[in-house]
Amino acid sequence: MKQIDLKILDGRIGNEFPLPAYATEGSAGLDLRALTESALTVAPGQTVLIPTGISIYIADPNLAAVILPRSGLGHKNGIVLGNLVGLIDSDYQGPLMVSLWNRSDKPFTVEVGDRIAQLVFVPVVQASFNIVNDFAQTERGEGGFGHSGKQ
């Protein structure tokens, strides 16, 4: 298992609330919690930025982290990430924040300590560009959105 440096920014982490951890042996994501001062109600259509109480330093340029929504919040309550996906670069060391967007027509209350998103580590390949005049032909070619069909 890869070791990632984690800084606790809120003393409730590790005391009232656990460190992010994998729920099962097969889990890909670690749950991030809302570490606000008090419960926060998100109005329909509103976007709020919520602290998680931690920062991480990945340090390895072959890794990044993504902050992804929790499926139940989106499906059952209309709560999704305001930026859809949060990308954490390997050299970022600041606090992890979660942008929550209430896309429903009902207010939603985030309680202190609620699991609001998940953190997933992903491999990164940094690429350079080779300028060409033409590409070798493929079956798909320039076919764009919907070109490959539905089934």
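Keep in mind that glycine also has a Cβ here, set from the backbone N, Cα and C atoms.
Marked as substrate binding site by Swiss-Prot: ARG70, SER71, GLY72, ASN83, LEU87, ILE88, ASP89, MET97. Counting only same-chain residues six or more apart in sequence, the Cβ atoms lying under 8 angstroms from the Cβ of LEU87 (substrate binding site) belong to ALA64, ALA65, VAL66, ILE67.
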DSSP state at LEU87 (substrate binding site), helix/strand/coil: strand
Most Cβ neighbours inside 10 Å, all chains, among the binding-site residues SER71, ASN83: ASN83
Binding-site residues compared (ARG70, GLY72, ASP89, MET97) - highest count of Cβ atoms within 10 Å: ARG70
Site extent for substrate (largest Cα pair distance over ARG70, SER71, GLY72, ASN83, LEU87, ILE88, ASP89, MET97, Å): 26
